[in-house]
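See structure below.
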């Protein structure tokens, strides 16, 4: 995982050049937006258990057969695994949002995710729906339009940051498809 600074330095070093021009301007923007980024990640972390449980509950409400005796969330163990998996996905999305880089999400969470679920017989559609619910909730927190927040959320125009977070969730959904 390379953060924004490491990516710029690595790129400049590979060219045997100084950091400057557009790279320097991009870093200046990254720093100036830093407090919004930190506030957004803090909003996700502070509300993580609610985000995850609401997403899994929403998935089950839309597909009650998941908790029937033959359903994928029927036993406590399976429900706990579902909640755990959603929490892991949300955690890696928050890491990506913090660093401004999706490589940690792709390398440590998404690589082989579809194959793992397929081998366990876990339907991708339900997981994708839970990810979609988490995406909507996180975007609402970042845009300060959620009515369920525990702490203050980022102030000012955070639409670019919300779009970035949505993109990370879209990567997860694509990996499940």
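Here the Cβ of each residue, glycine as well, is placed from N, Cα and C on the backbone.
Copied over from Swiss-Prot, here are the features:
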type	residues	note
BINDING	18	mesobiliverdin binding site
BINDING	28, 35, 39, 154, 156, 158	(2R,3E)-phycocyanobilin 1 binding site
BINDING	50, 54, 61, 148	15,16-dihydrobiliverdin binding site
BINDING	77, 82, 84, 85	(2R,3E)-phycocyanobilin 2 binding site
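Feature map: Swiss-Prot annotations on the structure.
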| residue | record | CB count, 10 Å |
| --- | --- | --- |
| 18 | mesobiliverdin binding site | 10 |
| 28 | (2R,3E)-phycocyanobilin 1 binding site | 10 |
| 35 | (2R,3E)-phycocyanobilin 1 binding site | 12 |
| 39 | (2R,3E)-phycocyanobilin 1 binding site | 21 |
| 50 | 15,16-dihydrobiliverdin binding site | 14 |
| 54 | 15,16-dihydrobiliverdin binding site | 18 |
| 61 | 15,16-dihydrobiliverdin binding site | 10 |
| 82 | (2R,3E)-phycocyanobilin 2 binding site | 22 |
| 85 | (2R,3E)-phycocyanobilin 2 binding site | 19 |
| 158 | (2R,3E)-phycocyanobilin 1 binding site | 23 |
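Nearest in space to residue 54 (15,16-dihydrobiliverdin binding site), taking C-alpha to C-alpha distance over the binding-site residues 18, 39, 77, is 77. The C-beta environment of residue 84 ((2R,3E)-phycocyanobilin 2 binding site), restricted to residues of the same chain at least 6 apart in sequence and closer than 8 Å, is empty. Nearest by CA distance to residue 35 ((2R,3E)-phycocyanobilin 1 binding site), out of the binding-site residues 18, 61, 77, 82, is 18. Residue 156 ((2R,3E)-phycocyanobilin 1 binding site) has a Cβ environment of 11 other Cβ atoms inside 10 Å. Here the CA atom of residue 39 ((2R,3E)-phycocyanobilin 1 binding site) lies 27 Å from the CA atom of residue 82 ((2R,3E)-phycocyanobilin 2 binding site). Distance from the CA of residue 18 (mesobiliverdin binding site) to the CA of residue 28 ((2R,3E)-phycocyanobilin 1 binding site) is 15 Å.
Each of 78, 79, 80, 81, 83, 86 belongs to the same chain as 77, 82, 84, 85, is absent from that list, and has a C-beta within 8 angstroms of the C-beta centroid marking the (2R,3E)-phycocyanobilin 2 site. Residue 156 ((2R,3E)-phycocyanobilin 1 binding site) and residue 50 (15,16-dihydrobiliverdin binding site) have their C-alpha atoms 24 Å apart, to the nearest angstrom. The shortest Cα-Cα distance between residue 50 (15,16-dihydrobiliverdin binding site) and any of the binding-site residues 18, 85, 158 is the one to 85. Here the C-alpha separation of residue 158 ((2R,3E)-phycocyanobilin 1 binding site) and residue 85 ((2R,3E)-phycocyanobilin 2 binding site) works out to 27 Å.
Counting only the Cα atoms, the space from residue 77 ((2R,3E)-phycocyanobilin 2 binding site) to residue 39 ((2R,3E)-phycocyanobilin 1 binding site) is about 34 angstrom.
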